[in-house]
Amino acid sequence: MQCALYDAGRCRSCQWITQSVNEQLSAKTADLHRLLAGLPVEQWRTPIGGPEQHFRNKAKMVVSGSVEKPLFGMLHRDGTPVDLCGCPLYPASFAPVFSALKPFIARAGLTPYNVARKRGELKYLLLTESQFDGGMMLRFVLRSETKLTQLRAALPWLRAQLPQLRVITANIQPVHMAIMEGETEIYLTDQHALAERFNDVPLWIRPQSFFQTNPTVASRLYATARDWVGQLPVRHMWDLFCGVGGFGLHCATPQMQLTGIEIAPEAIACARQSAAELGLTRLHFQALDSTQFATAQGETPDLVLVNPPRRGIGKPLCDYLAQIAPRFIIYSSCNAQTMAQDIRHLPNYRIQRVQLFDMFPHTAHYEVLTLLCRL
């Protein structure tokens, strides 16, 4: 993939960009083999790739510059701003949004936050696009609520320019630290969630719910999990760290009892909305800590699916799963190193199959799906 920002030395986020996609996949596969060395794997599935560019459904832009000439992108360690509007990872549909937002910031008087001076209001712009219908969600991350009245007053102009903006919010992040968002979310539109659809499964994206940034590969990941579960005798399933319910909603059948657990209430609201649309009455989603939920249960499901953050599921949950011994565990991971550590804490399981998903092209990162069967 060609990138003018990389060629000019202005951005190095895509550290593997000079390698071909095949070379990248080979290196990632070798890394996964190395991490699982000593753990017998019955079946290595062919890695799944996706588009080289224009695949991201989300932009996270630091806002710098002035209110008259804002700049969207990132800041180097020395404070030098870099305009990332031309990043080739973004779809072409993002360009007109960035173009309209620059004069809008002046209209609304949203002075970009100056890190060195600790002054200004607008810290970040967070933009998400639905692959289903092209609808978008835009979040203004502000230092305070000072400019909310001006922001609301200027919004009709922006919505006239960009009718694809379905969900608009102001997120309040008052701390002088490189934290992307705060706890307070103020909705500026009647619609609170962005509609998405993977493999004919309705999904919803809310401002403070995690959602995969590579929808092409994510849809194949969910479809693969559904295929694997469909081949197993599963009537009762837990979906831990479930997010908006992508895995559970794909895997569930009308006959299956499924409980999805996620600590973020916004994500659980999305999952419940999808389950209601699908008419799946035996799906139950709860906003709880996954480890605390699992270890408090007195029953053993047929299958436990885990999709933890990069830190993995950890030894306490591994020990509990080893104790209750569900027949199957499906582990989806964005950090194969912690996944391998966790699997080594499950000695009464064998790895039946492993498949790599290239969710993050041009970087060393990847997603991996692993099926574990009880010995």
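Quick reminder: no glycine exception, Cβ is built from N, Cα and C everywhere.
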Select one of Glu196, Glu262, Glu299: the residue that Swiss-Prot places in the S-adenosyl-L-methionine site alongside Gln212, Phe241, Asn307.
-> Glu262
For the [4Fe-4S] cluster site that Swiss-Prot gives with Cys3, Cys11, Cys14, which of Cys87, Cys242 also belongs there?
-> Cys87
Same-chain, non-site residues whose Cβ lies within 8 A of the Gln212, Phe241, Glu262, Asn307 Cβ center for S-adenosyl-L-methionine are Phe210, Cys242, Gly243, Val244, Gly246, Phe247, Ala267, Pro308, Ser332
Fill in the CA-CA distance, Cys87 ([4Fe-4S] cluster binding site) to Cys334 (active site, nucleophile), as an integer in Å.
-> 23
Nearest by Cα to Asn307 (S-adenosyl-L-methionine binding site), of the recorded positions Cys3, Cys11, Cys14, Cys334, is Cys334
Between the C-alpha atoms of Cys14 ([4Fe-4S] cluster binding site) and Phe241 (S-adenosyl-L-methionine binding site), the distance in angstrom, to the nearest integer, is 28
For S-adenosyl-L-methionine, with binders Gln212, Phe241, Glu262, Asn307, what's the maximum Cα separation in whole Å?
-> 15
If one measures from the C-alpha of Cys334 (active site, nucleophile) to the C-alpha of Cys11 ([4Fe-4S] cluster binding site), what distance in angstrom results, rounded to a whole number?
-> 23
Please name the residue among the recorded positions Cys3, Cys11, Cys14, Cys87, Cys334 whose C-beta has the most neighbouring C-beta atoms within 10 angstroms.
-> Cys87
